[in-house]
Amino acid sequence: METMGRHVISELWGCDFDKLNDMDFIEKTFVNAALKSGAEVREVAFHKFAPQGVSGVVIISESHLTIHSFPEHGYASIDVYTCGDLDPNVAADYIADALHADTRENIEIPRGMGPVQIKQAQAKVL
């Protein structure tokens, strides 16, 4: 059975505090990441928390990109889910680079193939 989608869960550590706390920067980064991967952006929604942190989603024709940032820990939780021929790692890597992550761990899960099959996690210290 062919996969219906690819879901990358990305754990980003050692990120820049100011970038993780800047909603406009994160929104632009996520839209650019989607476009760089070849996706078609449909909707964008982000929220800035007090005293810090940003959560948001970019809905793409091919699925979505999400973030929950924790600037006080230098940490961001990222999800990139794509359908079709798009590679979610393109967007995930773009985001990690933009946030200046020191360490990233990506787990890719093929979606729509029956029982969940988690591919080997890939961790990079940058």
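Cβ atoms here come from the backbone N, Cα and C positions, even for glycine.
Since this is a predicted model, take the numbers as computed values, not measurements.
Here is what Swiss-Prot says about this protein:
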{"type": "ACT_SITE", "residues": "Ser63", "note": "active site, schiff-base intermediate with substrate"}
{"type": "ACT_SITE", "residues": "His68", "note": "active site, proton acceptor"}
{"type": "ACT_SITE", "residues": "Cys83", "note": "active site, proton donor"}
{"type": "MOD_RES", "residues": "Ser63", "note": "pyruvic acid (Ser)"}
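In this structure, His68 is the one among the active-site residues Ser63, His68, Cys83 with the smallest number of other Cβ atoms inside 10 Å of its Cβ. The two recorded residues, Cys83 (active site, proton donor) and Ser63 (active site, schiff-base intermediate with substrate), have Cα atoms 7 Å apart. Taken residue by residue with DSSP, the residue listed as 'active site, proton donor' is part of neither helix nor strand, so it is coil.
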